[in-house]
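Visitor: According to Swiss-Prot, the protein carries these features:
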- 1-79: region 'Disordered' (REGION)
- 32-45: compositional bias 'Polar residues' (COMPBIAS)
- 138-166: motif 'Q motif' (MOTIF)
- 169-358: domain 'Helicase ATP-binding' (DOMAIN)
- Ala182, Gln183, Thr184, Gly185, Ser186, Gly187, Lys188, Thr189: ATP binding site (BINDING)
- 302-305: motif 'DEAD box' (MOTIF)
- 386-529: domain 'Helicase C-terminal' (DOMAIN)
- 535-591: region 'Disordered' (REGION)
- 541-552: compositional bias 'Low complexity' (COMPBIAS)
- 553-565: compositional bias 'Basic and acidic residues' (COMPBIAS)
Amino acid sequence: MSDGSGRYVPPHIRRGGGNSHESAAADGLSGSRYSGNGFFSSPNRGNHKSSGGFFGSRPFNDRRTGQGSRASGSGGFGGSGGRYGWVNGKHVPYPKNPRLEMELFGNATDHVTSGINFDNYDDIPVEASGDNVPEAITEFKSPPLDELLLENVELANFSKPTPVQKYSIPIVTKNRDLMACAQTGSGKTGGFLFPVLSELFLNGPAPLPEHTRHSYMRKCYPSALVLAPTRELAIQIFDEAKKYTYRSWVKPYVVYGGAPIGQQMRDMDRGCNLLVATPGRLNDLLERGKISLVNVKYLVLDEADRMLDMGFEPQIRHIVEDCDMPSVNDRQTLMFSATFPREIQHLARDFLKDYIFLSVGRVGSTSENIQQKVLFVEDYDKNSALLDILINEIDGLTLVFVETKRMADQLTDFLIVQNFKATAIHGDRTQAERERALHAFRNGIANILVATAVAARGLDIPNVTNVINYDLPTDIDDYVHRIGRTGRAGNVGVATSFFNSNSMNIAKELMDLLTEANQEVPQFLVNMVQDSMRFGRGGRNSRTGSNRGRGSNTRDYRHSNKDDWGSLGSSRRGFRSNDNRGFGNNWGSSSGDGFTNKAANSWW
């Protein structure tokens, strides 16, 4: 490039000039690639929409402030003259940005308040097994948490840790691996984000590998990797990470299938220290050489049982064992979920070392904050029963679960004709349509969301007061995750399920679950279970083929005898690998129903 006189101007001189790219970014000019045409500010990105993108001005996106991208000209540590970020071996928080703060945290009145039963969480039994279990904390404080992290937690309106956080925070900060099982809606996301981010804030970025210092290719070197089974859950975790990395040197990013990979690769050039990913898209980026895992200090598997048990095991093993990720002894591995069947605990041995098993409440149990109702409704009466509930009993956001994509569209159309503001989410809808549907539901534009199992696990949608199982799932663990979309963070909710003879395979487990949660067990369910047991039918878990039974899945199976442990071994089982679960083909739905999705099946 030349100046006005035609003379060549070196890049380091151009960067210092008033027309530099970085100056434009710092000033928030629309011409900057950081401000209006990137992933974070795309108008079709639902909750990611923002004027100027998530990172905003340079203090939130300058690559020089922290390791994470190969584009850093000085090895990723501070840049010459950098005043904020990781500077001279110390974390210097960026100044407050009121506009970004409002965008991330909203007004105090926007937050989901702790419900009337939040304090009852202190009475939930907690079991922590393993060697030298760290003492639980009772409040958010420093230490063990970093001061900046505490400020961001306060901005998010969290005043006290949930039971899983009370234990997970000291466990992670003491450099221990963790397998954590807790009720849905009990703060598992904060259970790993809080301590991981706090440790990153305190310890700073790892140096780039020596052999990469002079590489011409831009590559991201995340310090923390979070794997999630669905793109909706990945986006949700990323949204939370944006809040808690506010004003820090850590840059979060999310990658998932269904979005343009080229745009994701360009966005990662800005740096990525905490990466949230679905396994398929991450494998793609690893094969393209865009990401290196050599600096990963923290590996988190959220909804780990679903990823391992439902077909993601080969992809996860490739990521963990065949790429350049540090070995199990050189990283911390954290596994979080609401259910952990014994087989999955056995598989976890390959990913964790000397770990602590944390069980908050009964593993796979439901929260007593959820009032559970089971009604006997034949298939041909379901629409009428649903209307009766929606008209007479429900106020607030309602999540309706069905088994097939076809039924999701048909039921949504039916509700719209009945003048309800409804929308649908399932695997045949495009990514933009799904994000718009979730955005409308979260913000009350549509107060009814009809969903297949794609939305059943992990999603934290505030203010969902009612869950209706129009179709019951075939697996009792899926039932737990579905109804866990309400009654979150200590708030109360109602879950209503339509039961008939088609759901007999979970009848016994459902009755046990209702009993354990101190819920009313309808007499028809008791009679049907007794009849099925008399004739040797029902009461079997469809996935494992074994009786769940009261109190099963609660203990640390390392305490089982050797024969029990060795019954499954650590061999790689032939699970089907498909990152399109919940993306192109929907979990729990009929993928071959021949139904063509109607993009217009939303009331707006």
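Just so it is clear, glycine is given a Cβ too, placed from its N, Cα and C backbone atoms.
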Visitor: Same-chain Cβ contacts of the motif 'DEAD box' (302-305) under 8 Å, 6 or more residues past its ends?
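Guide: For the motif 'DEAD box' (302-305), the list is 188-189, 192, 226-229, 233, 237, 335-337, 339-341, 344, 348, 457-458, 477.
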Visitor: Quick one: average pLDDT across the domain 'Helicase ATP-binding' (169-358), no decimals.
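Guide: The answer is 88, the mean pLDDT of the model over that range.
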Visitor: Please work out the number of neighbouring Cβ atoms within 10 Å of the Cβ of Gly187 (ATP binding site), leaving out its own Cβ.
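Guide: Excluding its own Cβ, the number within 10 Å is 24.
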Visitor: As a quick check of your reading of DSSP, tell me how many residues in the motif 'DEAD box' (302-305) are helical, how many are strand and how many are coil.
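Guide: Residue counts for the motif 'DEAD box' (302-305) by secondary structure: 2 helix, 1 strand, 1 coil.
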Visitor: For the motif 'Q motif' (138-166), what does DSSP give as the number of helix, strand and coil residues?
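Guide: Helix (H, G, I), strand (E, B), coil: 13 helix, 0 strand, 16 coil.
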Visitor: Tally the residues of the domain 'Helicase C-terminal' (386-529) by DSSP class, grouping H, G and I as helix, E and B as strand, and everything else as coil.
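Guide: For the domain 'Helicase C-terminal' (386-529), the helix, strand and coil counts are 69 helix, 26 strand, 49 coil.
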Visitor: By a simple count, how many Cβ atoms lie within 10 Å of the Cβ of Ala182 (ATP binding site), its own Cβ left out?
Guide: 27
Visitor: Could you tell me which of these binding-site residues, Ser186, Thr189, has the fewest other Cβ atoms within 10 Å of its Cβ?
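Guide: Checked Ser186, Thr189; of these binding-site residues, fewest Cβ neighbours within 10 Å: Thr189.
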Visitor: Name the residues of the same chain, 6+ apart in sequence, whose Cβ is under 8 Å from the Cβ of Lys188 (ATP binding site)?
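Guide: Sequence-distant Cβ neighbours: Val164, Ala180, Ala182, Asp302, Phe336, Ser337, Ala338.
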